[in-house]
Structure formats: structure tokens, C-alpha cells
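This report refers to the structure that appears directly beneath it.
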């Protein structure tokens, strides 16, 4: 049995790690089938598959809780099966990718519209004669373009074979080019934006949308969001977060020892918490971030709708790959200050999403301190509310695009101040 080092004194098998990862999708399925009858599940699932998925598409609002949980569970299970089949050991980036998939399965991704990007990645691996396991993670992140697959399906809904062929061509092409593009984009922000694929996909999305726009293709954005909290949904994710903390505590020899070391990381790419601090501390950190994120949503008067849950799960997932309470709170505070100072007149969900997804800039706070983290959060708030129009909602990682551009501008600015200080001395 293969093992990976999780602490300096203890090892845990890959099988145990996978079992922990299976908890979320299985719990989602259990909740869905216990609370929703089969007829409602079927009807809601069909609504999900037929939606155009352009930002913002809240599956909870259009299809209901049960069908949305089934969709998220299926997306997770398929990807878990795939990475296990490819003999990949769970690490920080794999868990981050899985949780991002799970989160956006509440607001734009489903089992129908994600497959073309895996197909493109497979062709890429054959073309370059490399193992597909080297590409699959990029494909998982490339599903940011799932609205394009849904739009193609909607435009050709009467011709199933044509839909499959066109998605294979268009989505496959995107899946083919994204490994190279994402690698080059990393240098733009120097690893200070955790959602690197958001920046890469955003730039490609802007190009695609511009072509469609000048071609007079009309794309309508969605704005229907769940407006009231469902206590059961909140309890579900609170209990899941607590479960991760308890499991992490048990795996970490029934202690929180070493958690301070987790919060010493800057978070800059690549920070794999599992490799550096252990699986136990990693999932413990994820659970703590989950509770803090949910608390933030409720304190500011937000609603746990599809986009908000996506944001919470994104924060949790990247708790294994760079985020922790110490480097995320300055970003959240900065976003909130920007919201107030700039007098942004948007629904409260915009604040919640911008703050939680905005923690993609956590490495800025981790590397340069809380003050610069707050500045990064404020800049992100100002930018992200305007950037969606640039890609027309064709790309789901809106905050990743904003975070990458903010980091690309802010990091040289910080360096300029540092150099100026040296010259003065």
C-alpha cells in the first residue's frame, strides 16, 4: 500500500486519505435522498443540465437543494474516481481542485458540461507523449469554461450528436491549450494569486467573449440567487467543517500541535500544506477555515446560496494549498473596507463572494504583512465588481482573474517601495 508522509512521526495511507475525501460527496447524496423525493430530484437535475450556466447561475435557486447536492456529489465522485484511477496521491493542489469543482457544482458546473475539457487534456497528453496524470489537474481547473459547453448545448438542443461533436471540438480545444497558457500566466503574478487558472482562463474568456460580441452573438447574464438561508444547509456545512477538524485532530495524534507552523506559511505558490505539515493539520485547517467562512457569511447578513457555498468550499479547499486564518483575514477586511469606502451598491452576496474568493490574494498578506493584504483586498473589491463584463460570464473564476491582475500590479508596487527604502538608507 502506498503511503505519504503526513507528520514528522506518522504516516497515513492513501486509502485513508481517499476515505476522508469521499465523506463530502457521500454525505451530500445521503442528505439529498433523505430530504427530496425521486421525482423532484429528477426534475431539478434536468433543470441543472439544461441551464446555460453563465455567471451567476445559482443551482439552489433554480433547481433546489436536493438536485444541487446530487450534482455536486456526482461531479466529485467522478473526479475522485479519475484521480484514483490515475494513481495520484492526494496532495494540496488535488484537494484544492476537488473542492473548487464541488463548490462550482452549486453554480455552473455539472456532469454534462465539464467533460470536453478532460477530452482536450487527454488529446494534449497524447500529442506531447506525456502521461495523462500530468495534465488532469489542469483539466479540472479548466472546467471554469463550463458555461461555453452549456451555451453550445442550448443553441443546438435539437441535435444531440452535433452538441457532442461541437463540445468536443470547442471544449476540447480549450482543454488542449490551457496547460501551456496557465504555465505562462504564473509568471504574471509571481505566485501571489492562488487561483492561477482564474487569471489564465479569464484572459482566454475575454478573447472568446470579444469574438462573440463583435459577431453579434448575444449572451445574457443570470442574476437569480437564493434570497433566504436554509438552516439545514448551513448545519450541513458546519457539521462537515467540524468533522474535518475532528478527523484532523485524530490523525495529528489527537492534538493541535504544529498548527502554528501552518500559519507561518506565506501561502505563495506552491505551498502544499499536506507535504509540509501533514494531512491531519491540513484538513484541520480546512475545517477551521470553513467555520470562519460560514461565520463571516452570517455576520454580514449574507445567504448560503450557490455562489456563497462555492466561495466557502474554495476557501476550504485551498486550506490545503496556502490559505490559513492568518493570511486570509487581511484580505477579507480589505474587501469589506473597500465595500464601505467605495460605496459599492450591489447585493450583499457580492461582498461575500468578493471577500471569500478574494482570499486568492492571501499570499500577499502572508509575504508582505497584514497592511498590504488589506490594500490588496480593497483593490480587489474595486476591480472584481467591474471585471465580469469583460468576459461576459463565460468563465466562472471571476475572482481569480481579478486577483491575478491585482497581484500583477501590486507586487511591483510593493517592490518599488522596498527599493526606495533601501536607497534612502
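Each position is counted from 1, following the chain as shown.
Cβ atoms are placed via backbone N, Cα and C, with glycine included.
A TrEMBL annotation is a machine prediction, not a hand-curated record.
According to TrEMBL, the feature transmembrane segment maps to 20-39, 59-82, 94-115, 135-153, 160-186, 192-212, 232-251, 288-315, 327-344, 364-384, 396-414.
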Intrachain neighbours beyond the transmembrane segment (192-212), with Cβ under 8 angstroms and 6 or more residues off its ends: 96, 138, 141-142, 144-145, 148, 174, 177-178, 181-182, 184-186, 219, 267-269, 318, 321-323, 357, 359-364, 367, 387, 390-392, 394-395, 397-401, 403-407, 410-411
Recorded stretches the transmembrane segment (135-153) and the transmembrane segment (232-251) touching, at least 3 CB pairs under 8 Å: no
For the transmembrane segment (20-39), distant same-chain residues with Cβ under 8 A (at least six beyond the ends): 64-67, 69-70, 72-74, 76-77, 80, 90, 95, 98, 102, 232, 236, 240, 243-244, 247, 279, 283
Long-range Cβ neighbours of the transmembrane segment (59-82) (under 8 Å; 6 or more residues past either end): 18, 21-22, 24-26, 28-29, 31-33, 35-36, 40-41, 43-45, 47-48, 51, 97-98, 101-102, 105-107, 109-111, 114, 118, 136, 140, 224-226, 230, 232-233, 305-306, 309
Other parts of the chain folded back onto the transmembrane segment (232-251), taken as Cβ under 8 Å at six or more residues beyond its ends: 6, 10, 12, 20, 23-24, 27, 31, 35, 60, 65, 278-288, 290-291, 294, 298, 304, 309, 312, 316
Contact check, the transmembrane segment (288-315) vs the transmembrane segment (94-115), 3+ Cβ pairs under 8 Å, seq sep 6+: yes
